[in-house]
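*Asks:* Here's a structure for you.
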Amino acid sequence: MSEESDMDKAIKETSILEEYSINWTQKLGAGISGPVRVCVKKSTQERFALKILLDRPKARNEVRLHMMCATHPNIVQIIEVFANSVQFPHESSPRARLLIVMEMMEGGELFHRISQHRHFTEKQASQVTKQIALALRHCHLLNIAHRDLKPENLLFKDNSLDAPVKLCDFGFAKIDQGDLMTPQFTPYYVAPQVLEAQRRHQKEKSGIIPTSPTPYTYNKSCDLWSLGVIIYVMLCGYPPFYSKHHSRTIPKDMRRKIMTGSFEFPEEEWSQISEMAKDVVRKLLKVKPEERLTIEGVLDHPWLNSTEALDNVLPSAQLMMDKAVVAGIQQAHAEQLANMRIQDLKVSLKPLHSVNNPILRKRKLLGTKPKDSVYIHDHENGAEDSNVALEKLRDVIAQCILPQAGKGENEDEKLNEVMQEAWKYNRECKLLRDTLQSFSWNGRGFTDKVDRLKLAEIVKQVIEEQTTSHESQ
């Protein structure tokens, strides 16, 4: 409790505009809680990143845990936090928000950085891994599980060759008390015991098995599994576990691979990669948490401390130069995070006839909206619709980009299916409509052979356009 009260005391209630000017149009990126903007300290003209959250207990917990960890050189620093009322253009009145001023990270995300280095070597991958591991160790020594370790949350300080990499976004971090029952995950980075915890949790809720006094839980070791996946992708350019069918939920074949730890080191990409690197991956991707390397074991591993040159150029750099590949790995998987989480709080829905929300009341009176009609769209109440629309577009990218188990009619049919869903939720998008027309789309499927990489790249542009449009409302 004292930590929470100390954190509350550190939050300023004066207006942030007294000390900072905010560029509301320049966005550094978009996370699950909205875009990160640029702000400038008036007294020094120094640029910082500004994250804005609704002032709720969950947001205060995120700030508290991040502040606890932020003293480490490989974790993004929090400069200061303001509690102000902010009214965005789409809102009828101001709302209490936390404005988190953080150090500016100019060097970009991990995969973007790798894509810019045509000669990204195994030694560089080892050095990046060591920095990530040091950040994790700091969190774990404080008994904090990050629970969201993925490439998008690993940022470089600047564009210099020796720029440090730093861990950010503590939105799903928790104190590890052995009771982390709510699985939080992105499919390609999810540990097997997270899936087992989810399976048992769902069965208990359904009354299939009695609730155990000592429920199956998962803990900090899941961060280490995620680290193993990130190392694998850094080394070769694709994830160790993937599915023959791509969707926003984890298919059975992918779930089976994760639960059994079934992955390989294909000769084409891995022949020049050291046995030390393969060894650390194997030891991190152990299915049983007790057999997995600890964070100290990672830091002591020969691969992170080798005096060998390890100057072999990795295939990942070449693969990630293709924007469509990066889109496939990052957008179709990691950016699906917000839509794939099982929320910590249970949500109960009121019957429509008793709802007080004026937007929903109006929709009820209007009934089903006619095709191509215009209807009132509220930014917050419409966020779920927008998320679904973006999900469907990301499913198209996943189907286009990820390795296919087989070619031919089945894969073509699957692409047609995911595109039908994407079109259903994005009919108003002119760019998508024009794209489908140019790709010979007849409303049910593509009549000509599709250049999947080109389609993925255009759909990525559609996502960016739709995201920008929704944020400006």
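Numbers run from 1 along the shown chain.
Backbone N, Cα and C atoms are what each Cβ position is placed from, and that goes for glycine too.
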*Asks:* Which one of these stretches, 249-280, 409-440, shows up in Swiss-Prot as coiled coil?
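*Replies:* Here Swiss-Prot associates coiled coil with the stretch 409-440.
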*Asks:* Which residue does Swiss-Prot record as phosphoserine, given the choices SER93, SER212?
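*Replies:* Per Swiss-Prot, the residue annotated as phosphoserine is SER212.
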*Asks:* Would you mind telling me which one of THR182, THR186 Swiss-Prot calls phosphothreonine?
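*Replies:* Per Swiss-Prot, the residue annotated as phosphothreonine is THR182.
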*Asks:* Looking at SER306, SER354, SER386, which residue has the phosphoserine feature per Swiss-Prot?
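*Replies:* According to Swiss-Prot, the phosphoserine annotation belongs to SER354.
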*Asks:* Using C-alpha atoms only, work out the spacing between LEU28 (ATP binding site) and SER115 (phosphoserine) and round it to an integer in Å.
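*Replies:* Counting only the Cα atoms, the answer is 18 Å.
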*Asks:* What's the most sparsely packed of the binding-site residues LEU28, VAL36, counting other C-beta atoms within 10 A?
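*Replies:* Each of the binding-site residues LEU28, VAL36 was scored; lowest Cβ tally within 10 Å is LEU28.
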*Asks:* Specify the count of other C-beta atoms within 10 Å of the C-beta of SER115 (phosphoserine).
*Replies:* 22
*Asks:* Express the distance between the Cα positions of VAL36 (ATP binding site) and ASP148 (active site, proton acceptor) as a whole number of Å.
*Replies:* 17
*Asks:* Over the domain 'Protein kinase' (22-304), what is the model's mean pLDDT?
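*Replies:* Reported value for the domain 'Protein kinase' (22-304) is a mean pLDDT of 82.
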